[in-house]
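Peer 1: Sharing a structure with you now.
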Ligand SMILES: O=P(O)(O)O[C@H]1O[C@H](CO)[C@@H](O)[C@H]1O
Ligand SMILES: O=c1cc[nH]c(=O)[nH]1
């Protein structure tokens, strides 16, 4: 057992992790995807209840695993998946709060860029400001898949925020005025870890609530009903 690859947070007990992994924040959304979309499913992680599964989708090997909430958590899981388990394509399937008037609940967003208020990039000691961007190959493929399905998507910048309950009531409006589509909490760290290791990452989001109109979905809907995004992500395997 001890020679099997594992980390402090991921213990697959010899179960393979696929080169392409879907990454919802919510581990129960990972279970929902495995239960409803994958065949021949084997669970590869239960450490901290951060559920991970490997199976097949239309005959292709694919894994799905929760990442938890926030960039420290995404930073840990994506780093280990890339650098210890050799994952090459990391596709976040998350939820976001919409900032723009033309985004409705359940709309799908492809995060071409991920602005952030986090200091995650400071570890790289870059002599300037890094632009967190999706892998073009995954972004282009995801847009094509959406088009072929007749599924409208919004493509643009999102904000990866360290703060869910922000005391600064002006902040969201400033990001909205820069054209940022929505707020979530992990994409920037995922994009940085992927870029630093030379692998591919994309964040696909479903609008779970609207920051300015206060419309919102329920926790159950966030776990089980964001299927349009899941279907686009699964086709990327
Ligand atoms: O639904 P997930 O993927 O967790 O994504 C969003 O939801 C959580 C906040 O409710 C944060 O993790 C945010 O990024
Ligand atoms: O980070 C997030 C995710 C969903 N909805 C929000 O308002 N913020």
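Yeah, the Cβs are placed from backbone N, Cα and C, and that goes for glycine too.
Residues or ranges marked as purine D-ribonucleoside binding site by TrEMBL: 9, 184, 185, 186, 208, 209. Per TrEMBL, the feature domain 'Nucleoside phosphorylase' maps to 21-230. Marked as phosphate binding site by TrEMBL: 25, 29, 48, 92, 93, 94, 95. The feature active site, proton donor is assigned by TrEMBL to 209. The site 'Important for catalytic activity' annotation in TrEMBL covers 222.
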Peer 1: I'd like to know which of the recorded positions listed (185, 186, 222) lie near ligand 2, counting only a CB under 6 Å away.
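Peer 2: 185, by Cβ distance under 6 Å.
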Peer 1: Where does residue 94 (phosphate binding site) sit in the DSSP three-state scheme?
Peer 2: strand
Peer 1: Residue 94 (phosphate binding site) has how many other Cβ neighbours within 10 Å of its own Cβ?
Peer 2: 30
Peer 1: Can you tell which of the binding-site residues 29, 93, 184, 185 lies nearest to residue 222 (site 'Important for catalytic activity') in space, using Cα positions?
Peer 2: 29
Peer 1: Can you tell me which of these binding-site residues sit near ligand 1, meaning the Cβ is under 6 Å from at least one of its atoms: 25, 48, 94, 185?
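Peer 2: Those binding-site residues that pass the cut-off, since their Cβ is under 6 Å from ligand 1, are 25, 94, 185.
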Peer 1: Neighbour count first, Cβ atoms within 10 Å, every protein chain included; then name which of 9, 29, 48, 222 tops the list of recorded positions.
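Peer 2: Sorting the candidates by Cβ neighbours within 10 Å, the top entry is 29.
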Peer 1: Do any residues at least six apart in sequence from residue 184 (purine D-ribonucleoside binding site), in the same chain, have a Cβ closer than 8 Å to its Cβ, and if so which, in order?
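Peer 2: For residue 184 (purine D-ribonucleoside binding site), the qualifying residues are 94, 95, 96, 97, 111, 158, 159, 160, 161, 203, 205.
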Peer 1: Are there any residues in the same chain, six or more apart in sequence, whose C-beta is under 8 angstroms from the C-beta of residue 185 (purine D-ribonucleoside binding site), and if so which?
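Peer 2: Listed in sequence order, they are 25, 69, 70, 71, 74, 160, 161, 162, 164.
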Peer 1: Look up residue 208 (purine D-ribonucleoside binding site) in the DSSP assignment and reduce it to helix, strand or coil.
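Peer 2: The residue in question, residue 208 (purine D-ribonucleoside binding site), is strand (DSSP, three-state).
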Peer 1: Far apart in sequence but close in space: which same-chain residues, 6 or more away, have a Cβ under 8 Å from residue 92 (phosphate binding site)?
Peer 2: 22, 23, 24, 25, 67, 74, 111, 186, 187, 190, 201, 202, 203, 204, 205
Peer 1: Test of understanding: give the count of other CB atoms lying within 10 angstroms of the CB of residue 95 (phosphate binding site).
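Peer 2: Residue 95 (phosphate binding site): 23 neighbouring Cβ atoms within 10 Å.
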Peer 1: For residue 48 (phosphate binding site), what is the secondary structure state per DSSP, taken as helix, strand or coil?
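Peer 2: In three-state terms, residue 48 (phosphate binding site) counts as helix.
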